[in-house]
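Novice: Please find one structure pasted underneath; my questions will follow.
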Amino acid sequence: MATIHVDGKELEVDGADNLLQACLSLGLDIPYFCWHPALGSVGACRQCAVKQYTDENDKRGRIVMSCMTPATDGSWISIDDEEAKVFRASVVEWLMTNHPHDCPVCEEGGHCHLQDMTVMTGHNERRYRFTKRTHQNQDLGPFISHEMNRCIACYRCVRFYKDYAGGTDLGVFGAHDNVYFGRVEDGTLESEFSGNLTEVCPTGVFTDKTHSERYNRKWDMQFSPSICHGCSSGCNISPGERYGELRRIENRFNGSVNQYFLCDRGRFGYGYVNRKDRPRQPLLANGAKLSLDQALDKAAELLRGRNIVGIGSPRASLESNYALRELVGAEHFYSGIEAGELERIRLVLQVLKDSPLPVPNMRDIEDHDAVFVLGEDLTQTAARMALALRQSVKGKAEDMADAMRVQPWLDAAVKNIGQHALNPLFIASLAETKLDDVAEECVHAAPDDLARIGFAVAHALDASAPAVDGLDSEAAALAQRIADALLAAKRPLIIAGTSLGSKALIEAAANIAKALKLREKNGSISLIVPEANSLGLAMLGGESVDAALQAVIDGSADAIVVLENDLYTRTDKAKVDAALNAAKVLIVADHQKTATTDRAHLVLPAASFAEGDGTLVSQEGRAQRFFQVFDPQYLDASILVHEGWRWLHALRATLLDQPIDWTQLDHVTAAVASSSPQLAAIVDAAPSASFRIKGLKLAREPLRYSGRTAMRADISVHEPRTSQDNDTAFSFSMEGYSGSTEPRSQVPFAWSPGWNSPQAWNKFQDEVGGHLRAGDPGTRLIESQGDHLSWFASVPRAFNPAPGTWQVVPFHHLFGSEENSSKAAPVQERIPAAYVSLAKSEADRLGVNDGALLSLNVAGQTLRLPLRINEELGAGLVALPAGLAGIPPAIFGKTVDGLQEAAQ
């Protein structure tokens, strides 16, 4: 710690910070533009000027940039010095000379850091009367709008996009006061993190195009704290609603998880919530709509006297899955996950519980100094983790700078010192990945061969680990280099997962973790699972969807209740058809129209994450609560959407002729927690419904929320009472606490007086860029309890397919491989057409060129797909895009026994 003096006040700060960060952490206001907590300091904008004095006797002082000045012990500075204030006001005035002053029509208005800083400096009069510089805007794709005339040349966009996220297609062109931030030519931004430009940019240059179509100001939206359902990373989000529609998603700061950034799937994939074809009333097979009571009575009538199986879902909350389990009985509850995938997820859970190495949170990943990624294409399967890995490899430059006594926040200096030095990252994958550019070495091979390399690394680390027979010398040498790098590191990290359908990859990663612990290395292990609640569902229990379908086919059950799951995306279509044909009753509770709801005798309209509350467990083992954003019935009483757990508990009560005893979320969450010691801590994931600040509930709406009395005027001039939320500590209103002074971990939207942009998160943190003052949201359910793992000894044989056969492997796509986000119109523009991928050597052997139409026979099906030649894919492999339309879900791992150019 260091003692500094600010305008005569003696204050304690972190001496490792710069003055800007230190003062902001104290709650003092200094305007800034180019600095960002995640990007460090470059001193480009000159906006954060303060007066620095030699000591208490110095009356003259000198102007310094606070972001470039360390907060050394004994520093004397002034923020309120008149010369410093005039300097800051003049900087804003210079920046505004070419700004269009178009706040009333700018989509950033009311959400704009430039507005906040202009007001903060007191600049309120335009003196510039000359021609303004203008630019041509670019079409940057379906996610981002571009308005270059608003640019103040802070350089934040390129520093994030290129330096932080590793993007290559956004740059800065020109010189002096005529610079241009964009692409060489119009075109979709290629980075999977491009959406963060909308929050990183302090002005309205980059704005959310998906929000533009149905735009409203930030102060006119209703928000809630929520969790992204796009993958298993558990990123925190702030969804905003107006008129019963989800309008945009912003990043919600969680210092242990996503911090300031999201991937584009999580930010722009919300459109499925607004789809017109969603079930919003209970529906019979003939299309007849039912009231709530009629639906419950009909469901009970259909199920009475039946042998029921319940099929849950890894995209549904723990509460909803538990309610289904209570309805049908634990022995008749099935997870809704394909058998092989469920086996792998259970293995992940076992390894994480028994591993001698801890599971890192997302932020912690950035602090590891050697990483081995085994089998995962992280940018496509856990994109936010890939972004964290990019920061981990940069730790080498920070170490070099530290040796030269250069502070890590001096971004340009650290880059100059480090040049191209990176911490070692090794990637073993099917083919090239978006992280290959920062990897020390990459190897591309079949899943079994990748696993063999992993087992060999474990054996190289510790000779007691199972050896790999018949490993070629090149692979053995690579395994030794990886082992040496992991041993040389202070904090090595192993990452694997389920995406390639290989248990052996997970087992190899577990062996490496055990070997590292035996070598007394302070490392970590992280394992990726497919969906938002895959790990939570594995903790809850239940057999595979295949077992459920087989029970119906065999006649042991004749009724199926499906929760938020499209069975046709899980397993073989013929098997699903056979089970649904055999079932006398099919009831589906879902928020989407799917092939399964099309077969249902009764559809119960379930709530999406925006309309309901629940708990998810991320791949880290962090239980986190998502909260209802809006009440759809407030604007349309005919909508009968309810959380899955409400429908299923009410149905159970109707069947048993009992009263409903889960009347609020806390009741069902407590029931889930009491059902298993492993889930006992989920009650601590968020405050209960009784939580208050100064006697107030927490406001979902900003204080300036307008138009509430007019929103239903077309229905009735009599304004109804706002919806009452008995489930949570939040109110569907601006009435309630919305400030930043009282600590709270669940923050619907970031706002503080004078701070309307996302930079307002500064006011909620213990120190800027640190953690929330009340603690980061969520609670960990998995902590390392010592080494309880035995060596996994089933090393697979080397991949050697029979002549004329190929193994089907999955290529995952951030846009397209996840079911719900793929229903969002902007995301659909980024989804590739279905294809088949082969190695160049295989294409040459078949005599086909890129783009040729191929016919392949696999698992009794014939597919006709265009060819994409992949130079890095191994021989004997056929890669298909997982999750895309036209690609059967049960095809991966199967053998292709007929592959040829299709007859036109």
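Glycine is treated like the rest: Cβ placed from N, Cα and C.
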Novice: Record says Cys151, Cys154, Cys157 bind [4Fe-4S] cluster 2. Source is Swiss-Prot. Which of Cys106, Cys201 does it list for that same site?
Specialist: Cys201
Novice: For the [2Fe-2S] cluster site that Swiss-Prot lists with Cys34, Cys45, Cys48, give the additional residue from the candidates Cys67, Cys103.
Specialist: Cys67
Novice: Just to verify a number: CA distance, Cys67 ([2Fe-2S] cluster binding site) to Cys103 ([4Fe-4S] cluster 1 binding site), in angstrom, no decimals.
Specialist: 28
Novice: For the domain '4Fe-4S Mo/W bis-MGD-type' (221-277), what's the mean pLDDT in this predicted model?
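Specialist: A mean pLDDT of 97 is what the model gives the domain '4Fe-4S Mo/W bis-MGD-type' (221-277).
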Novice: Least buried of the binding-site residues Cys48, Cys106, Cys231, Cys235, going by other Cβ atoms within 10 Å?
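Specialist: Ranked by other Cβ atoms within 10 Å, the binding-site residues Cys48, Cys106, Cys231, Cys235 bottom out at Cys106.
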Novice: Please list, in sequence order, the residues in the chain of Cys201 ([4Fe-4S] cluster 2 binding site) that are at least six apart in sequence and whose C-beta is under 8 Å away from its C-beta.
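Specialist: Non-local contacts for Cys201 ([4Fe-4S] cluster 2 binding site): Arg156, Cys157.
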Novice: If we check Cα distances from Cys263 ([4Fe-4S] cluster 3 binding site), which of the binding-site residues Cys34, Cys48, His99, Cys103 wins as closest?
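Specialist: Comparing Cα positions, the closest of these binding-site residues turns out to be Cys34.
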Novice: Quick one: of Cys34, Cys67, Cys228, Cys263, which of the binding-site residues has the smallest count of other CB atoms within 10 A?
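Specialist: Counting other Cβ atoms within 10 Å of each of the binding-site residues Cys34, Cys67, Cys228, Cys263 gives the minimum at Cys34.
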Novice: Looking at the binding-site residues Cys34, Cys45, Cys106, Cys151, which has the shortest Cα distance to Cys235 ([4Fe-4S] cluster 3 binding site)?
Specialist: Cys34
Novice: Setting His99, Cys103, Cys106, Cys112 aside, what same-chain residues sit with their Cβ within 8 Å of the center of the Cβ atoms that define the [4Fe-4S] cluster 1 site, listed in sequence order?
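Specialist: Sorted by sequence, the hits are Pro100, His101, Asp102, Glu108, Gly109, Leu114, Gln115, Arg150, Thr203, Gly204.
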Novice: Give me the CA-CA distance between Cys48 ([2Fe-2S] cluster binding site) and Cys106 ([4Fe-4S] cluster 1 binding site), in Å, as a whole number.
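Specialist: It is 25 Å, counting Cα to Cα.
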